[in-house]
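One structure is given below, encoded as structure tokens.
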């Protein structure tokens, strides 16, 4: 479709020239007025101008302050991007909506990654001794399930195969080794009884049953371990007596320990993610509080300016009223003085007339006497 094609620089230049000459309106007349075959409809021209070519639009990614502002406004207004864009200068509603979709998808992906269990560690990561011990225990339990359940026979394991933290040459370890070498008829305790001992410290065991040498030799032959009967019923120097069921329990404990470690690692990652979210929320709240304080300060300043303007207007109004009152008083006084002056002038004129009448009558009287 033509509307989906990428805009070319010459088309943008045509739109800019059209807006400079005719203003951002009547987009359906662009081709007619500019005498250019612009294969774009009016809506496409409007969207191009409003979202990309309009002066004042910022290009590039959002800054951290703009991101915090958009997150706060989205929590306040929802997905009303036109209202949000009105409060974020230089950004359009379309740009903010796309940024929010990418931000939300990134958050969901981080949450899924934090809840996903960690991958299975390689033998190098788990450790050489742990890997050997676990594989040997699984092989032993898998090939001899019935023999381990009916009558567990003692096996001899070389001491170097065990990890260093299982090695011990103390007296209690020797007693534990003797107890493992001659278990009672009932199954052993669920707790792991595994230790190392030497032949010099461990006491000699009693005579084994008639069937024990042949069965022990047959059991130990497939794995390459010598049987106790080959050494007179006692463990050779540097060897440890290990019970098959105890070894399986040890492997199970190791697996449980590894599962606990993985769960702890997952919990730690989730806690770190939650802590990061809390820090972001606190930062947003601090920025919001700072903005609210600034807005409150600006509101107070505007109120003080309005009060100052109102007070100045009141003073000016009182001044105008007093000046008008003084002018009225002066005019009244002037009118009164004019009236008084007119009255005095009338009296003087009357007096002059009276004086003129008296002089005429006096002159006529004198003429008659003569």
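Backbone N, Cα and C atoms are what each Cβ position is placed from, and that goes for glycine too.
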Where Swiss-Prot places DNA-binding region among the ranges 81-104, 105-128:
81-104
Per Swiss-Prot, the range holding DNA-binding region, considering 27-53, 54-80:
27-53
Provide the three-state DSSP residue tally for the domain 'HTH myb-type 1' (1-53): helix first, then strand, then coil.
37 helix, 0 strand, 16 coil
Residues in the domain 'HTH myb-type 2' (54-108) grouped by DSSP into helix, strand and remaining coil:
37 helix, 0 strand, 18 coil
